[in-house]
2 protein chains.
Amino acid sequence: MSITYPRGFRAGGVSAGLRRNGSPDLGLIVNDGPVRATAGVLTSNRVFAAPVAWCRPVLEAGTAHAVVVNSACANACTGPEGLADSRAEAELVGGLMGCAPEQVLVASTGVIGQRLDMVKITEGIHTAHAALGTGGVVDEATARAIMTTDTVPKTIETQVAGARFGGIAKGAGMLAPQLATMLVFITTDAVATHEELQAALAPAADVTFSRVDSDACMSTNDTVIVLASGASGVALSPEEMRAGLTEVCSGLARQLVADAEGSHHDVLVTVTGATTEKAAVAVAREVSRSNLVKTAIAGNDPNWGRILSSVGCVPVEVAPFDPDQVDVSLNGIVICRGGRIGEDRDLVDMTPREVRIDIDLHAGDATGHIWTNDLTHEYVEENSAYTS
Amino acid sequence: MSITYPRGFRAGGVSAGLRRNGSPDLGLIVNDGPVRATAGVLTSNRVFAAPVAWCRPVLEAGTAHAVVVNSACANACTGPEGLADSRAEAELVGGLMGCAPEQVLVASTGVIGQRLDMVKITEGIHTAHAALGTGGVVDEATARAIMTTDTVPKTIETQVAGARFGGIAKGAGMLAPQLATMLVFITTDAVATHEELQAALAPAADVTFSRVDSDACMSTNDTVIVLASGASGVALSPEEMRAGLTEVCSGLARQLVADAEGSHHDVLVTVTGATTEKAAVAVAREVSRSNLVKTAIAGNDPNWGRILSSVGCVPVEVAPFDPDQVDVSLNGIVICRGGRIGEDRDLVDMTPREVRIDIDLHAGDATGHIWTNDLTHEYVEENSAYTS
């Protein structure tokens with residue numbers, strides 16, 4: 001169970017023949033209401049794909065009835081023709097669902113710079129529509145239909161104050177060879193307006209998906225969508241709605257990190273003692289983007305010099321602190337104290353998959369974190385393999 | 001010939017026993033005048049090593065007589081004790097040369113978070129002082145004394161209007177396991193003041209060393225120093241001085257890129273059609289820091305989607321342009337035109353070591369470039385190997 005765990009939703013995932021191996025590659029999620037409220041967060045990459053361009057006004061209206069999504073082709077860098085393809089998908093789904101094309105969200109993931117095979121897409125949408133249902137099997141097929149190089153489907157479900165939430169996700173940052181994109185689809189049967197959903201989703205995404213920085217690459221297709229059906233009859237408080245969405249986003253984000261391509265370690269970089277949360281996140285992000293830190297972790301090397309050096313690359317106007325006051329802990333061992341050698345590095349156990357880097361700037365009370373991965377041979381292998 | 005090609009300089013490189021393999025690891029460069037003008041550029045990392053802290057006021061005074069440099073240990077993250085060690089080196093060299101400690105520059109490169117072995121350093125300085133001389137053998141030993149994981153020494157010499165210039169360098173960004181640092185030492189026998197040298201060095205470094213971005217990691221020890229002896233009696237115009245230093249810096253920067261650890265490709269990212277040079281360099285730097293672009297190049301994959309996607313990550317306030325106007329060429333083939341598919345990617349020959357990425361933003365007349373490298377298995381291997 002996941003996206004049809006909340007009442008008022010049907011879903012379907014089918015193989016439209018877009019992926020060569022015959023795996024599911026086209027999904028349809030339908031909101032049967034009675035409420036049909038939508039919110040979303042889209043990539044901030046200035047080079048964004050056609051489906052992202054299509055979704056912007058649909059999400060602003062905030063009343064989508066359905067989402068259609070495909071893998072294998074990102075429909076990115078495809079010009080006006082690509083946008084026409086996204087519109088054609090919305091028109092077809094709208095026709096089948098009895099709603100306007102402008103009430104259908106479209107998402108794609110896969111190879112950049114390639115047109116969609118609209119013959120297969122059209123057939124796939126009809127098949128998916130015929131297969132619409134609820135329950136574990138349907139949810140699994142839909143979660144699989146959005147996978148590219150993911151090794152496992154990512155799903156979640158939870159309850160807050162009698163309202164149900166479900167979600168599926170694929171990807172982690174932009175990890176695969178031309179197979180871009182993090183896609184996340186969340187459903188809830190809470191009663192909510194577009195504005196209430198958006199107000200809860202934005203901060204939820206900000207402290208979860210926006211703090212996953214697997215390889216610092218932002219995709220052309222990143223899309224997070226939440227649909228509310230109102231079928232539970234339960235209206236949540238703003239705090240409850242935010243709590244529910246944050247729990248779903250947090251759980252899916254953690255699954256994305258755990259399945260990041262070629263990774264051997266999930267790395268949680270936590271910065272404390274910062275002047276502001278923004279400063280803390282900036283320092284954590286700088287560390288999480290250092291290839292020297294990431295390769296050291298791949299080698300199970302508790303190399304605090306590289307961590308401290310990357311901390312020092314953050315400009316003082318972004319994060320004020322005194323480098324001579326900085327402590328760095330690795331998996332609980334304070335190997336750097338006051339900017340200098342701390343406890344014996346041999347005490348650090350680097351074998352667990354989850355690695356915790358804790359940096360105390362001793363400059364304030366704010367904290368922030370980033371999840372990242374190590375940089376391994378497998379990452380290079382998977383991302384340097386010839387396209388096609 | 002290199003640093004003693006300009007008249008008025010002596011140098012020495014010896015093995016002080018700091019490196020386990022017995023290679024040269026301590027160098028001394030002496031300016032015999034009659035002029036003794038100095039200028040320098042130091043790392044902007046807020047976590048900077050003791051020798052960098054020592055050099056700051058010495059470079060501000062601008063009248064150094066000598067430089068002492070060691071490899072194997074960076075003397076970084078070593079606190080007040082580390083600074084005392086750098087001072088002790090300067091005092092010893094000053095005593096031998098008959099100048100104040102404040103007229104001696106100190107540089108170190110190697111492992112972070114480890115104290116210098118001052119017994120070996122002291123002995124090495126005496127040996128290097130006794131070995132001071134001029135000519136190819138001496139220069140070669142000095143160039144080798146600053147190497148860490150460099151596979152070849154980097155040297156250059158040139159002439160401008162009768163004044164001679166020479167230089168040696170090590171490293172490329174921060175590439176080796178805890179072996180940080182780019183170190184560059186340049187000599188000239190032109191007649192010049194500290195102010196004239198600094199005015200010429202800063203822009204020269206800005207368009208050369210500052211445009212090498214091998215792995216986006218900034219070291220704690222980066223140091224570029226130029227010494228002028230005035231022994232030629234030739235006073236250069238500001239333009240001539242800048243031309244001479246730019247030629248030396250450019251040549252050494254190119255050698256650093258060519259020897260970057262584990263690299264198979266030297267990649268020149270050139271951005272044209274930008275509104276400003278700063279915007280052009282920002283776009284080039286974003287592309288050069290994309291691990292997805294760098295791994296694609298390692299795999300000889302002309303993956304323009306990743307290039308365009310990284311271009312799109314530059315904020316509009318940094319570089320205004322229309323993504324739908326952007327052209328991308330790879331080794332001369334326009335594989336992306338107007339943000340969409342251009343010529344056949346199979347036409348791109350990715351086999352040469354030097355790869356040229358040309359990006360035309362069609363937004364203005366400014367250009368800028370960054371040199372980088374591909375991201376290979378060997379990079380991961382060399383940087384994930386256990387320290388010790």
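Glycine is no exception: its Cβ is also placed from the backbone N, Cα and C atoms.
In the structure as shown, the Cβ atom of B:Thr181 (active site, nucleophile) sits within 10 Å of 30 other Cβ atoms. Secondary structure from DSSP puts B:Thr181 (active site, nucleophile) in coil. Summarising the annotation, TrEMBL assigns active site, nucleophile to B:Thr181.
Residues or ranges marked as substrate binding site in TrEMBL: B:Thr148, B:Lys170, B:Thr181, B:Glu261, B:Asn383, B:Ser388. Under the DSSP three-state reduction, B:Asn383 (substrate binding site) is assigned to helix. All protein chains shown were included, and the count of other CB atoms within 10 Å of the CB of B:Asn383 (substrate binding site) stands at 30.
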Of all listed recorded positions, namely B:Thr148, B:Lys170, B:Thr181, B:Glu261, B:Asn383, those lying near chain A with CB under 8 A: B:Asn383
Alpha-carbon spacing, B:Lys170 (substrate binding site) to B:Thr181 (active site, nucleophile), which is rounded to whole Å: 8
Whole-number Å value for how far B:Thr181 (active site, nucleophile) lies from B:Asn383 (substrate binding site) (Cα to Cα): 14
All-chain count of other Cβ atoms within 10 Å of B:Glu261 (substrate binding site): 24
Count of other CB atoms lying within 10 Å of the CB belonging to B:Lys170 (substrate binding site): 28
DSSP-derived class (H/G/I helix, E/B strand, else coil) of B:Thr148 (substrate binding site): coil
